Amino acid sequence: SSTCIRTDQPCPYNESCCSGSCTYKANENGNQVKRCD
């Protein structure tokens, strides 16, 4: 089984995250990147 992705790490979809939530957030460059909540 794969380990879950932690908060603020890039994620492909909600199910990948330990929190079960992956949303778009702005990075330092102002780009929208999906990261775990």
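In case you wondered, yes, glycine gets a Cβ from its N, Cα and C as well.
Among the features that Swiss-Prot reports, disulfide bond is placed at C4-C18 (among others), with the record citing similarity to another entry. Remark: C4 (disulfide bond) has S16, C17, C18 as non-local neighbours, by Cβ distance under 8 Å and separation of at least 6 in sequence. Under the DSSP three-state reduction, C4 (disulfide bond) is assigned to coil, being neither helix nor strand.
If you look up Swiss-Prot, you'll see C11-C22 (among others) marked as disulfide bond, on the strength of similarity to another entry. Under the DSSP three-state reduction, C22 (disulfide bond) is assigned to strand.
If you look up Swiss-Prot, you'll see C17-C36 (among others) marked as disulfide bond. The number of other Cβ atoms within 10 Å of the Cβ belonging to C36 (disulfide bond), over all protein chains shown, comes to 21.
Annotation note: P10 (site 'Critical for insecticidal activity') sits in a strand segment as assigned by DSSP. Of all the Cβ atoms in the protein chains shown, 13 others lie within 10 Å of the Cβ of P10 (site 'Critical for insecticidal activity'). The site 'Critical for insecticidal activity' feature in Swiss-Prot is assigned to P10 (among others); the stated evidence is similarity to another entry.
Residue environment of N27 (site 'Critical for insecticidal activity') contains 10 other Cβ atoms, counted within 10 Å of its Cβ in all protein chains. The site 'Critical for insecticidal activity' feature in Swiss-Prot is assigned to N27 (among others); the stated evidence is similarity to another entry.
Neighbour density for R35 (site 'Critical for insecticidal activity'): within 10 A of its CB lie 19 other CB atoms from the protein chains shown. Swiss-Prot lists R35 (among others) with the feature site 'Critical for insecticidal activity', giving similarity to another entry as the kind of evidence.
The CA atom of C11 (disulfide bond) is located 5 Å away from the CA atom of R35 (site 'Critical for insecticidal activity'). Note: C22 (disulfide bond) has non-local neighbours I5, C11, P12, Y13, N14, S16, K34, R35, C36, D37, i.e. same-chain residues 6+ apart with C-beta under 8 A of its own C-beta. Taking only the Cα positions, the spacing between P10 (site 'Critical for insecticidal activity') and N27 (site 'Critical for insecticidal activity') is 11 angstrom. Fewest other C-beta atoms within 10 angstroms, among the disulfide-bonded residues C11, C17, C18, are seen around C18.
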